[in-house]
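Here's the structure, in structure tokens; my notes come after.
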């Protein structure tokens, strides 16, 4: 056994296989297949879930949408816990494996709600309005399936992308940034392709063969995802879990408060700042300087142990801890601008209900399932990623002198504007649908088909796909570049957290649209008497305000290159600290 230096981010290998024989392209089929199959199984369930809740459980439209917002919110909050578990305790590999098994359990429970007659209210005539509501046990079983799937997704979501990047990341390579960008783009595109298949094939199976067969297919896909990931176990590079990041962050705050009376040393006084042995990051940056007091050495004989570690980590932290805390605090304003984007991207329930009332005929006797129209967003996203990565980036980079083409912040800003445009188009389409429904005398027949093609829903879905391609992928790259690699899962989890908060905000907006101080609801159970177009205009206005808020946050953040260079230098140093067993 040979050890060079020390690092909290040691790479584990096993047997006599050297680290050079692990990672790389050969691991991608297992990592991407796991995420793609998990996504295909999950999206296949959520795409049509509003119809399952309204038709099988007899909940109203607004109630069903609120349940889905809560489910999405919990599913997107859980990645924070999954990321902490991975980065602080178990490592990404074991957390992904755990999440895959728990997701499988959740899908099996949901499958049981469709199989067991006692798990749902008795069938009835929805238009007659004499339907019974689900009892406590039925609701508990359904929500248990949602909870298990949320926990599983919370383990997989923040770790899969970072775990894949671990197999490629080599900061000493001058082309590393471009390689990682291509990996992020194609990883996201491959997941989107699986989502597309889910939104078409699995949703069609649900519509044609029923919930029992449809949910069963999702459970089988999840079983295949677990088997695929475990088969690649011997090929993976595994980054060891660091010490608890939560504890580290709290220690920085505590130490900075205890040392608040100290004067900051001169900028170049690296001997007065506590840092990891052998680290190139010896002096804290000047941003958020009040936190720098957490790593000031007051008395070397009292503050440091013989091996150079802090005698009391609650009074003295390392420069690396302080900079990690700063990185988290600095990205929060830009992160918050993604909340409204998440609200617009999570508009799955109402478009499905709209499509259900429109002419979905395509060819022959084939009708596109209502839940499949979101597939147009995925198609647009996938095409956009391919064109941008392979055609536009080389051309744009000649102008911007940026190897990525557009900067992270430029891509995010464009995505926010596109999400605003998507809601404006959605409002115009819904207004036209409602006018036609009323002119055809369907005011009191909400389940009757309006003489209007559902293809009108394609433009808003395509704009949503473009918004996601620019903003969401831009966010992923931004977080990954602004955090040390030991915090990569936390960085990726921020995106999921934004989606979770977006679901909560979306739920509040639905509540406002359904109550409005006692006035008539915009989101009535009867789409033809409601004003869903007003709801979309409200989202459009809030998205426009969010765009100007993002501009302010992006300006205040400053350069992203400076922070990225700090962590790349530190990571290159750690590449020499590899444990070979």
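Glycine too: its Cβ is placed from the backbone N, Cα and C atoms.
When the ranges 27-46, 47-66, 67-86 are checked against TrEMBL, the one recorded as transmembrane segment is 67-86. Of all ranges given (186-205, 246-265, 266-285), TrEMBL attaches the label transmembrane segment to 186-205. Looking at the stretches 93-116, 405-428, the one that TrEMBL records under the feature transmembrane segment is 93-116. When each of 67-86, 136-165, 211-231, 534-557 is scored by its Cβ pairs under 8 Å to the transmembrane segment (492-514), the top-ranked stretch turns out to be 67-86.
Here the transmembrane segment (136-165) has Cβ contacts under 8 Å with residues 27-28, 31-32, 34-35, 38, 42, 45, 57, 71, 74-83, 85-86, 92-93, 95-96, 98-107, 109-110, 112-113, 118-121, 180, 183-184, 187, 236, 476, 480, 488-493, 496 of the same chain, all six or more residues outside its ends. Most Cβ pairs under 8 Å with the transmembrane segment (93-116) belong to 211-231, among the candidate stretches 67-86, 211-231, 373-391, 534-557.
Of the Cβ pairs linking the transmembrane segment (534-557) with the transmembrane segment (331-353) and spaced 6 or more residues apart, 3 or more are under 8 Å, so the two regions touch. When Cβ distances are compared across the two stretches, the transmembrane segment (331-353) makes no contact with the transmembrane segment (186-205), since fewer than 3 pairs at least 6 residues apart fall below 8 angstroms.
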